[in-house]
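Enquirer: Attaching a single structure in structure tokens format; questions to follow.
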Amino acid sequence: MRGPCRLALLALALAVAAAAAGGHDFRRDFDVVWGEGNARFLDGGRQVELSLDERTGARLQSKERPLRPRYQARPRRVRRDHHLLICSGGARHDEVDFEFLGNASGEPYLLHTNIFSGGEGGREQQFALWFDPTADFHTYSILWNPHNIILYIDGAPIRVFRDNAARGVPFPARQPAHVFASIWDAEEWATQGGRVKTDWASAPFVAAYRRYNVSTATACVWDERDGRARCPAAVGGGREASWMAQRMDWWSWMTLSWVRMNYMVYDYCDDRRRFPHGAPPECVIPIGRS
């Protein structure tokens, strides 16, 4: 990887019933909504590569829209960066995302996360990854249920956003969303704040995905005809399906604290320039409490 690292953001707007019966098939469960020539399906649709060149990038959009899903995918950046995101769309959209920001060669890749509710975001947290995301596939997961949104890497929680609506913190809960996977040029802001520009001589820049999982067993899927969500059957005499009731346990809180202590490089709650008169209300609530 010679020279400055080129930015390629992958937006996975989380909300699709992707792992339907018959296994993982990007070609079956997603539409290419732009840059069709830059999307390549491999291994019978079980893997997809999206590329960015000087002309265009590419975007996939899921055909179904889950509500409060549990989602995971195994992306790998081939030579450059990408971004995973959940988004409902519209002016008052809900969104949860992973973004892998460009950087200079030899420096750690930055993982940028954000959460929007009702169109309001600005809840950025960034982490210096403890591995090279271009070297192999890793599992990036988002659990979104009525109690909390939890972001994981390889099963380790790195961020939690709890339902604190009773304390005046909007929580995304009611909007179904598509899953998007996309790659585009965002050098104006994403590569060291826009300081590192695109080295088009190194194009195309490629992001690969495989083994995604959003299914009717792990998501409430929005039915366009009925205008309501189809949710997994309750288990154990009427109790919620296990993922719908899942919260952070002791091990999860310990792991999250370790990640924050060792790898977090930015937290909007600590940004006094942005919030000179006090942090947003969710920042005042102790992290382990709702």
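Just so you know, glycine gets a Cβ as well, placed from its N, Cα and C.
Note that the structure is predicted; figures quoted are calculated from it, not measured.
Okay, so TrEMBL annotates it like this:
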type	residues	note
ACT_SITE	Glu95	active site, nucleophile
ACT_SITE	Glu99	active site, proton donor
DOMAIN	20-209	domain 'GH16'
CARBOHYD	Asn103	N-linked glycosylation site
SIGNAL	1-23	signal peptide
Enquirer: Can you give the mean pLDDT for the domain 'GH16' (20-209), rounded to a whole number?
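Expert: Computed over the domain 'GH16' (20-209), the mean pLDDT is 80 on the 0 to 100 scale.
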Enquirer: Near the Cβ of the residue listed as 'active site, nucleophile', how many other Cβ atoms are there if near means within 10 Å?
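Expert: Other Cβ atoms found within 10 Å: 23.
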Enquirer: Give the number of CB atoms, excluding that of Glu99 (active site, proton donor) itself, located within 10 Å of its CB.
Expert: 23
